[in-house]
Structures are given as structure tokens and as C-alpha cells.
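Engineer: Sharing a structure here in C-alpha cells format.
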């Protein structure tokens, strides 16, 4: 076994596309074999990569914050900017972000591959700062929409960048735990936005403060990324071997560098620097993993999670619960599920969490169907509606929420990882947009029983899909996963 790794290590040093002055002498291979045997029995310290992951997940915090920042202040914004009562304009203020996010996500893979993961974060933060400042200072609807669109482009770049970064800088032993930070940060961003929006009815112009606040974490993200490690995987693909080794030392510790470099070398066929064509992502060797990734995001959005978020206020209102309290309940359920997922991700594995999460969501939707049944009494119906909704959010946060954004960068080969993530995130945003656009109309035409039954069916389809197509990645290196899914030619 170790002779094979010694040969792989020699191969990475002889690679013609790399700078020979940056690599070690071949004579070190025999010593490396013994060192690697010792290293493999221990895991790298999680605390070395921890601060880099935390800084990266600030983009997820901003993502959640901007999703929720207009919820409470929307009425005040419409009054101050002169479009009160215009439901189309109010809808545009909310949904313009989605258009920007789609544009950002389409280009996110090319940005991450072109300028690196760290600069991708900075390019994510920049439009968020400019857009939030524009929204905070505008006196017209047009200015608000421009600001929201700019923020949306940053929101589109962020999810791909953070998923790639966390996957590539985390030790395999805690990659699932760190991946859960993305969902937790998003939940915290949503909750902070709702909390900051509470005084909006008491203080004139408070909504402008809500937008200004978001520039602080965005600015910190842009500056802090200057001091964080670049992805060693990206550096290796650029032929910057010495820098990749230096970053591995920062992230894993010196004793794990050689082993990590050998793992990278195993799958290096000398074509990593070649341009990835879109056609490669839709047929041939790469079709299977892109199909799995796109379908997972499609099922995630078609499960009804956004519909539940959109409809939650009216359900709680009918139960006599104020909107701010309802938002707090939803936020706590979401955050609680995300924390549990973080604790279980590297113990039970991604596939197990996905299976039970989608199954729990299906059961929750059936509870909602029961609540809409005319044979159920009024008070029982309200309890079932509220309980089913909270159960749905909790079970979503256990797996269907956090796992896809972690799993997809794990299963995508290094060469196509960034661009494949961009394609899958674009699928996510397109379906998200249409669910938001059509949900209320479908609810009126089909009724809650049939619509929620359809959502439950999608969740059960997701269970079957995950069972048949998703492999377990817990504790495996990215190279081991690539070998399992994409055998070498």
C-alpha cells in the first residue's frame, strides 16, 4: 500500500506542469512512507482550520440576514418610498434579490476557479456592501431595487464559495461538522435580521439602520479573508505546489502535509488546469455527479420548505400567535435542527441524515394534510398546523437543509468542482423563484390538502433517490470519494 503512495508522491514531483524548484527530492520518499503510516493513524487538529472556516461562513450569515432583512421593515419601506399598497412593488423588493442571486450563482464557479476561493469571498462581499449602502440611502423604489439586485449577486456567489472553501480546507474527520456551520450561520443571520427589525415601527427610518448593519460583517469578511488560508486544492490546480504545502501546514499541521500532498497527487492526470467546458458537465463521465447534485437541490426546493416559510405567518396568526413570536419559533426550530445536524454529521453520516430528514418532512406534511381535513375540529386543526410546521422545519434542518451544500463539493471531482457547484446552485435559485411565484396561486386552486400531499410525495421521492444514488462520504478524503464515484480511465 505504502509503496503505491510512494510512487504517487514521486509522480507529483515529476509532473511536467509543476515547478520543479518547488518540490522535494525523490530520495525523501522512503522516509515519507513511514511518516505517512504514522500520520494516517491520527487526525489533524480541527482547531487549525477552525478560524478559517468561521470567517468563510460569514458569507452564509450575510445570506441569511439579507433573506430576512425586509420581512419586518417592508411596510415602513413602502410608506417612506411611496409605494404603500402596491403589492407588485413590494413583491419586487423581496424577489429582486433572487434575480441577482441567479446571476451571481451562474458565474460563481468561474469566479472561484479564476481568482481563487479567498477572492471569491471578497467579490461576494463587495456587491453586498454597495447594495446595502444603496438601499440604506435611497429615496426611491428604483434605488431600492438596484440595491437589492446588487446584494443578490453577492448572495449568489456566496453559497458556492463557502461550500467549496469549507470542503477543501477542512480535515476529513470534521468536514461534516464544519459543513453544518453553513446552515447554522444562515439561521443566525435570519434571526439577527428579524431581531434588528423589531423596533422598525417605533423609530422612523429604522429600516435604513437594518441595511447599514449588514455592511459591518460584509466588510469584516472582505478584510479577514486577506489573512485566511487559500484552498490548497485550488493552489495545486494552478501549479503552485509550494504555496499549497504551506497552506496545508497552516490548516492541518506540519506532520500531515506530505500525506495530504500525496492524496492530491493520486488523481492528478495533468489536465486540472485545462478549461472545463459546459458540455462536460451534462454528458459523459461527469453527468452522473452533476445529475445527483442538481436533483438533490431540486428536491430540496420542491419539498415545500420555502412554501412553509411563506405561509407560516398566516398559520400562526390564525392560532393567535403574533408574527414576531411566530418568526422566533420558526428560527429556533431551524437553529435547533442545524445544531443537532452538526453533532451527528460526522457520526451518522450524510446519507443517513438525508434519508431520515426527507422521511420526517414527508410525515410533517401529512400532519399538515390532516390539519386541513374538514373532519378535524378547529382547535385540533390549529395544533396540528403549528406542530406540523415546526416539525417540518426541524426535520429539514437535520439533513435536507445542510447536507446538499456539503455533499456536492465532496462528490464533485476537483477539476469540475467549482463550475458544477455553480450549475447546481443555479438550479436551486430557479426552482426557488418559481416556488415563491406559484405557491399562493396553487394553494388557492388546489387547496392545502392536495398541495401538501404533493409536497409529501416529493419528500418520499427524495428518500428513494437518496437511497439509490447518494454514497456515504463520512470520514473519507476528497480523493477517496472521487475514486469511488469516478473511476480512473
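Glycine too: its Cβ is placed from the backbone N, Cα and C atoms.
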Engineer: Between 178-200, 247-269, which stretch does TrEMBL give the note transmembrane segment?
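Structural biologist: Checked against TrEMBL: transmembrane segment maps to 178-200.
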Engineer: Within this structure, do the transmembrane segment (47-68) and the transmembrane segment (325-345) have 3 or more Cβ pairs under 8 angstroms, counting pairs 6 or more apart in sequence?
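Structural biologist: Result for the transmembrane segment (325-345) with the transmembrane segment (47-68) is no.
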Engineer: Okay, the transmembrane segment (449-466) and the transmembrane segment (88-108): do they have at least three CB pairs under 8 Å, pairs separated by 6 or more?
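Structural biologist: Checked: the transmembrane segment (88-108) vs the transmembrane segment (449-466), no contact.
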Engineer: Are the transmembrane segment (352-376) and the transmembrane segment (449-466) close enough to be called in contact, which here means at least 3 C-beta pairs under 8 A that are separated by 6 or more residues?
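Structural biologist: The transmembrane segment (449-466) and the transmembrane segment (352-376): touching, yes.
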Engineer: Taking the transmembrane segment (420-443) as the first stretch and the transmembrane segment (144-166) as the second, find out whether 3 or more Cβ pairs fall under 8 Å, excluding pairs closer than 6 in sequence.
Structural biologist: yes
Engineer: With the transmembrane segment (382-408) as the reference, find which of 120-138, 144-166, 178-200 contributes the most Cβ pairs under 8 Å.
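Structural biologist: Per the Cβ under 8 Å count, 178-200.
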